[in-house]
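Heads up: the structure comes next, in structure tokens.
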Amino acid sequence: MTSTADSTSGPRVAVVIVAAGSGTRLGADVPKAFVTLAGQSLLERSLHAVRGMRHAADPVVVVPADRMDEARRLGFEIFGRLIDVLPGGGTRQRSVQEGLSLLDDGTEVILVHDAARALTPSALFDRVVEAVVEGGHGIVPGLPVSDTIKRVGGDGEVHETVDRSQLAAVQTPQGFPAAQLLAAYAAAETEETDDAGLVAAAGHAVTVIPGDAHAFKITTPWDLRRAEELLAGASLPRVGFGTDTHGFDASAELWVAGLYWPGEPGLAGHSDGDVVAHAIVDALLSAAGLGDIGTIFGTGDPRLAGAHGSVFLEETRRLVEEAGFRIGNVSVQLVGNRPRFSTRRREAEDTLASVLGAPVTVSATTTDGLGFTGRGEGLAAFATALVVPGR
Ligand SMILES: Nc1ccn([C@@H]2O[C@H](COP(=O)(O)OP(=O)(O)OP(=O)(O)O)[C@@H](O)[C@H]2O)c(=O)n1
Ligand SMILES: C[C@](O)(CO)[C@H](O)COP(=O)(O)O
């Protein structure tokens with residue numbers, strides 16, 4: 001198989017995306033994975049989700065035989081390289097088996113994902129990988145069943161109410177230690193509707209972790225309409241606002257707006273105290289609905305001690321993009337008596353823009369001697385950010 005996953009920073013992960021079904025229940029005029037949803041096919045959306053994972057992963061795509069060129073082209077556009085594409089089988093299980101045939105011995109964790117679950121967030125893929133590594137066994141995402149479930153006879157007569165407290169509606173991606181999944185498929189004697197069924201039949205444990213409502217399977221025209229409505233509701237740009245304040249600490253170096261300011265008193269803080277970067281982080285996280293800097297970057301994290309603003313900005317950009325947005329622009333104002341900002345404004349804007357991949361404008365002001373900034377006790381920054389749905 002074609003591998004680029006970085007095995008030095010985590011387990012070697014492969015994601016088999018099964019996209020070879022015909023979509024009988026959807027009834028479209030093309031195979032379901034190639035149906036367009038708000039401008040992108042279901043397969044394309046699933047590939048983007050894999051591309052957005054924090055864990056590097058090698059995709060293997062299984063499609064109808066006459067769609068292989070199209071799938072290769074999509075893979076190349078999204079991953080910037082050739083990805084493995086195979087023709088599928090007559091059932092989902094056969095299609096997964098085809099995909100597994102390409103994996104090499106170095107693969108440690110295998111995820112199997114339905115292209116039909118096109119709105120599954122990248123974060124769910126990462127959570128499944130982490131749970132497999134931690135547990136050493138199969139992991140399936142699932143949601144509690146909210147309807148009352150009846151066991152019904154062929155004539156419609158209700159025989160019993162099933163105890164729903166013991167039920168979970170399971171989704172994909174389903175993840176497994178590679179050896180367990182490969183052995184279960186090699187030994188398969190039954191036809192199961194999911195991979196966990198085969199792994200459990202082979203005698204291995206499988207655990208359910210919380211799934212995600214967005215990972216629902218597009219099966220019927222109603223599901224497709226629901227997905228379209230979800231995306232339409234999420235098509236407007238979103239704005240966010242963030243502020244940050246740090247007091248001066250004469251023993252520290254001053255880092256503001258991603259730049260080092262020699263000869264200036266620094267700012268106190270767990271990290272380098274870059275108020276401009278931190279206000280931008282809050283504005284971006286807020287715009288994307290991802291919480292705030294304290295939620296994502298805890299002060300208890302030793303990796304962030306003394307960290308420069310670029311570390312926070314890079315990770316924030318990744319999170320915003322993973323959540324399905326791109327950054328439109330950022331505007332930030334620094335408030336304080338010093339440093340004299342105007343001479344390096346352009347340099348600061350270019351530095352921040354290159355980290356965020358979007359225009360950043362920075363202004364600076366004083367407060368006429370009023371307040372803590374006016375008294376020269378510290379700096380404050382106020383930022384707004386615009387994020388736009390779509391990658
Ligand atoms: N022979 C098959 C059947 C299904 N799948 C894939 O398995 C996933 C889950 O299957 P489902 O949603 O049931 O898709 P279809 O089989 O295409 O749907 P239908 O049963 O309505 O025909 C889908 O991503 C589908 O493309 C596959 O790769 N090969
Ligand atoms: C694998 C699966 O998505 C888990 O819910 C599901 O079983 C596949 O759907 P199908 O319609 O049974 O093929």
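From the backbone N, Cα and C atoms, a Cβ is placed for every residue, glycine too.
Confidence across the region '2-C-methyl-D-erythritol 4-phosphate cytidylyltransferase' (1-237), taken as the mean pLDDT and rounded to a whole number, stands at 94. Residues or ranges marked as region '2-C-methyl-D-erythritol 4-phosphate cytidylyltransferase' by TrEMBL: 1-237.
What TrEMBL records for ARG25 (among others) is site 'Transition state stabilizer'. Long-range Cβ contacts of ARG25 (site 'Transition state stabilizer') within its own chain (separation 6+, distance under 8 Å): THR219, THR220.
Neighbour list (LYS32 (site 'Transition state stabilizer'), Cβ cut-off 8 Å, at least 6 residues apart, same chain): GLY21, SER22, GLY23, LEU26, LEU42, ALA115, ALA116, ILE218. The site 'Transition state stabilizer' annotation in TrEMBL covers LYS32 (among others).
For ARG164 (among others), the entry in TrEMBL reads site 'Positions MEP for the nucleophilic attack'. Long-range Cβ proximity for ARG164 (site 'Positions MEP for the nucleophilic attack'), meaning a same-chain Cβ under 8 A and a gap of 6 or more residues, is found for PRO144, VAL145, ASP147, THR148, ILE149. Secondary structure at ARG164 (site 'Positions MEP for the nucleophilic attack'), taken from DSSP and collapsed to helix, strand or coil, is helix.
Residues or ranges marked as site 'Positions MEP for the nucleophilic attack' in TrEMBL: LYS217 (among others). For LYS217 (site 'Positions MEP for the nucleophilic attack'), the count of additional Cβ atoms within 10 Å of its Cβ stands at 16 [all protein chains shown].
Per TrEMBL, region '2-C-methyl-D-erythritol 2,4-cyclodiphosphate synthase' is recorded for 238-391.
The domain '2-C-methyl-D-erythritol 2,4-cyclodiphosphate synthase' annotation in TrEMBL covers 238-387.
Cβ neighbours of ILE293 (4-CDP-2-C-methyl-D-erythritol 2-phosphate binding site) (same chain, under 8 Å, six or more residues apart in sequence): GLY242, ASP244, HIS278, VAL281, ASP282, LEU285, PHE312. Sequence annotations record features per position, and here TrEMBL assigns 4-CDP-2-C-methyl-D-erythritol 2-phosphate binding site to ASP244, THR245, HIS246, HIS270, SER271, ASP292, ILE293, GLY294, THR365, THR366, THR367, ASP368, PHE372, ARG375.
According to TrEMBL, the feature divalent metal cation binding site maps to ASP244, HIS246, HIS278. There are 22 other CB atoms within 10 A of the CB of HIS246 (4-CDP-2-C-methyl-D-erythritol 2-phosphate binding site), with all protein chains counted.
According to TrEMBL, the feature site 'Transition state stabilizer' maps to HIS270 (among others). Over all protein chains present, the Cβ of HIS270 (site 'Transition state stabilizer') has 15 other Cβ atoms lying within 10 Å.
Per TrEMBL, the feature site 'Transition state stabilizer' maps to THR366 (among others). Sequence-distant contacts of THR366 (site 'Transition state stabilizer'), defined as residues of its own chain at least six apart whose C-beta falls under 8 angstroms from its C-beta, comprise VAL335, GLY336, ASN337, THR373, GLY374. In the three-state DSSP scheme, THR366 (site 'Transition state stabilizer') is classed as coil.
Just so you know, of the binding-site residues ASP244, SER271, HIS278, PHE372, the Cβ with the fewest other Cβ atoms around it within 10 Å is the one at PHE372. The DSSP breakdown of the domain '2-C-methyl-D-erythritol 2,4-cyclodiphosphate synthase' (238-387) into helical (H, G, I), extended (E, B) and coil residues amounts to 53 helix, 47 strand, 50 coil.
Reduced to three states, the DSSP call for ARG25 (site 'Transition state stabilizer') is coil. In the vicinity of ligand 1, defined as a Cβ distance under 6 Å, the following of the recorded positions ARG25, LYS32, HIS270, ILE293 are placed: ARG25, LYS32.
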